[in-house]
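Written below as structure tokens is the structure these notes are about.
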Amino acid sequence: MTALSETEHKGAFYGRRVGKTLRQGQQQALARTLPRYLIDLPTVAEPAALFPCPVDEIRLEIGFGGGEHLLSEAKRFPRAGYIGIEPFLNGMAKAVLELDLAPQENVRLFNLDAALLLARLPEGSVSQVELLYPDPWPKRRHWKRRFVRPDNLDLLARALKPGGVFRFASDVPDYVDWTLREVRAHPAFRWTQTRADDWRTPYEGWPGTRYEAKAIAAGRVPTYLSFARV
């Protein structure tokens with residue numbers, strides 16, 4: 001599969017890029033700290049070289065929100081290089097503010113469409129991809145905007161190494177069912193869970209997220225899916 005160009009994939013990201021006005025501290029952190037962590041497409045041919053510290057593997061989180069899960073995992077696994085992908089500026093600002101206060105050398109950030117990065121990374125260079133509480137696009141006419149769809153699964157399969165892991169968490173039953181159908185139908189992936197407790201139980205070391213806490217408080221039940229690259 002050839003890499004996508006920015007022109008070819010123009011408009012593939014759906015949703016707002018900016019929400020509420022950023023606080024002064026967030027604006028200052030973006031200006032001061034984001035350039036240190038931000039990567040661009042021409043630099044990803046050698047992913048391990050993106051990090052100033054030695055890393056044994058590369059992991060991605062697509063749509064990291066405020067970054068609490070991304071940064072928690074990076075602390076747990078200091079020998080893994082984490083690339084967080086978030087086009088939404090407000091989420092990026094929250095993560096960068098935390099990095100401004102407590103730098104983490106095994107973290108790098110990407111602020112464009114995840115598909116562009118997945119297409120440029122070397123084949124089989126990623127050990128884990130996480131998609132946690134993505135926008136479910138609940139209206140039927142918007143389902144084509146969901147990230148989990150055949151073209152993006154092709155890109156995930158390309159980037160993941162054999163045995164690599166794709167994780168998906170959501171509190172929207174329809175999107176969970178959709179993801180199970182789409183991923184199980186793709187020849188490059190295998191669903192690794194066999195019991196209900198497997199997908200009802202958070203992943204090992206799961207720190208939770210602010211969004212998840214709100215969902216549970218509202219009575220919604222999260223599901224945690226895991227797939228392996230065959």
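The first residue you see is number 1, and the count goes up from there.
Keep in mind that glycine also has a Cβ here, set from the backbone N, Cα and C atoms.
If you look up Swiss-Prot, you'll see Glu61, Glu86, Asp113, Asp135 marked as S-adenosyl-L-methionine binding site, on the strength of sequence analysis.
Mapped onto three states, the DSSP output places Asp135 (S-adenosyl-L-methionine binding site) in coil. Residues annotated as active site in Swiss-Prot: Asp135.
Sequence annotations record features per position, and here Swiss-Prot assigns substrate binding site to Lys139, Asp171, Thr209, Arg210, Tyr211, Glu212. Neighbour list (Tyr211 (substrate binding site), Cβ cut-off 8 Å, at least 6 residues apart, same chain): Gly65, Tyr133.
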Query: Just the number: how many Å between the Cα atoms of Asp113 (S-adenosyl-L-methionine binding site) and Glu212 (substrate binding site)?
result: 23
Message: Tell me the Cα distance separating Thr209 (substrate binding site) from Glu86 (S-adenosyl-L-methionine binding site), rounded to the nearest angstrom.
response: 15
